[in-house]
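Report on one structure; see the data block that follows.
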Amino acid sequence: MGLDNSGKTTISLSIKGVSSDLVAPTIGFDRIEFAIDSFNINLYDLGGGRTIRDIWETYFAEVYGVIFVVDSSTPERLEECHEALVNVLSHPCISGKPILLLANKRDIKGALDESELIAALQLDDLVNEYKCPCRLEHCCALLLPNQKLDKAIRDGLKWLLAYIQSDLINIQSRVGADVDRQIRKQTEERAARKERVRLAREERERLRKLSNQHINNTFTAGSLDDLGENSNELINQQLTLKTENTCTVSNIFENNVSFS
């Protein structure tokens with residue numbers, strides 16, 4: 001892990017013995033398998049962009065150790081790097097596990113030395129607070145054709161693997177428990193999402209039925225209003241007819257009187 005452009009993928013390929021002079025940024029996740037001495041290693045190369053870092057914790061439960069890469073040639077990003085490092089070490093699935101810190105790009109002019117990096121990252125305080133055994137190596141990740149892997153990286157890897165081996169039973173037990181816990185959590189989250197979808201679907205159906213009922217009620221009320229208007233018109237016509245007839249009789253009566 002590490003910030004974007006720190007050299008994570010370059011280091012991964014160099015460890016595997018692949019020339020790494022041209023490397024594209026990692027988008028998301030890449031898995032690299034290789035062997036060192038008697039160890040078969042699965043290395044998760046995780047993208048370091050701000051929008052990608054949230055996925056890091058997805059892999060914390062199953063890892064035995066951490067390699068965190070720092071670009072020692074960009075002091076302006078060390079505060080951001082410190083923030084990311086705190087988020088990693090403070091996670092319950094990482095706290096207590098060994099971490100190899102590789103300070104990359106020492107070949108670039110102006111790169112900070114180890115003591116400057118330790119101070120800027122407040123490394124002593126962090127590893128003590130979160131009980132993470134830590135080793136810092138200042139390195140150059142770039143592996144050109146016919147070159148060997150930087151000795152600092154080799155030494156750092158040997159330390160990390162030796163520490164894991166020395167505490168293998170405890171780490172395996174912890175990884176097993178963390179993975180089981182993560183699976184249960186993911187199962188519960190999927191069930192909760194499924195329930196939310198079901199409730200949302202039921203609510204949409206309820207609103208649809210309510211809307212249809214409202215439309216039907218409006219149509220029925222409109223029909224009754226039409227009938228009422230027609231009834232009133234019919235009554236008015238009858239009253240008019242009766243009035244006209246009465247007037248006619250009155251006229252006849254008046255005529256009769258006149259004739260008398």
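Quick reminder: no glycine exception, Cβ is built from N, Cα and C everywhere.
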Recorded GTP site member, picked from G48, G156, G176, that accompanies G2, L3, D4, N5, S6, G7, K8, T9, N104, K105, R106, D107 in TrEMBL
G48
Given the binding-site residues S6, T9, and counting only Cβ atoms in the protein chains shown, which has the most within 10 Å of its Cβ?
S6
Separation of alpha carbons, T9 (Mg(2+) binding site) and G48 (GTP binding site) (Å)
10
